[in-house]
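Annotation comment: Swiss-Prot describes 1-29 as signal peptide. What Swiss-Prot records for Cys83-Cys133, Cys90-Cys136 is disulfide bond. Swiss-Prot lists Asn119, Asn127, Asn143 with the feature N-linked glycosylation site.
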Amino acid sequence: MRISKPHLRITSIQCYVCLLLNTHFLTEAGIRVFILGCISAGIPKTEANWEDVRKDLQKIENLIQSLHMDATLYTESDVHPRCKVTTMNCFLLELEVISHESRDGDIEETVKNLILLANSSLSSNGNITESGCKVCEELEEKNITEFLESFKHIVQMFINPP
């Protein structure tokens, strides 16, 4: 299985070492800048994952239009910001239903990729416990078009937090 992550950040420590050795960075402040630069280079960048999730979601939407699926899926249309992780997990579970019912190789591969990207981004949120949120089965059942529109909205909430 191929996972496409075009926005992976490749960092070269050699640039920092060269900068350190070729300048008069041997002061306490210079060393701090060097250390902070090295640390910031290693911090994972999850925003790119959400952009890739959004692109995969658009691809799924285009592929589904040609199949004319009529499934109904649990959909949260009014996501509260404090419940976005719980809601995203519900959307990911329902996405598996689309993959199963479509029986289309392209959709299945794109769904798997989307789920991997979303889960890797969600793992950066740690084990967040959100109380007062609806469980998946309490959500309203809607058609695929409405489901995908709501899904895009919640992905946008992760890209641009309120």
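Every residue gets a Cβ built from N, Cα and C, even glycine.
Sequence features annotated in Swiss-Prot and their locations in the structure.
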| residue | record | CB count, 10 Å |
| --- | --- | --- |
| Cys83 | disulfide bond | 18 |
| Cys90 | disulfide bond | 22 |
| Asn119 | N-linked glycosylation site | 13 |
| Cys133 | disulfide bond | 18 |
| Cys136 | disulfide bond | 17 |
| Asn143 | N-linked glycosylation site | 13 |
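Calculated from their C-alpha atoms, the gap between Cys133 (disulfide bond) and Asn119 (N-linked glycosylation site) amounts to 19 Å. When Cα-Cα distances from Asn119 (N-linked glycosylation site) are compared across the recorded positions Cys83, Cys90, Cys136, Asn143, the shortest belongs to Cys90. The separation of Cys83 (disulfide bond) from Cys136 (disulfide bond), Cα to Cα, is 12 Å.
Cα spacing between Cys90 (disulfide bond) and Cys83 (disulfide bond): 11 Å, rounded to the nearest whole number.
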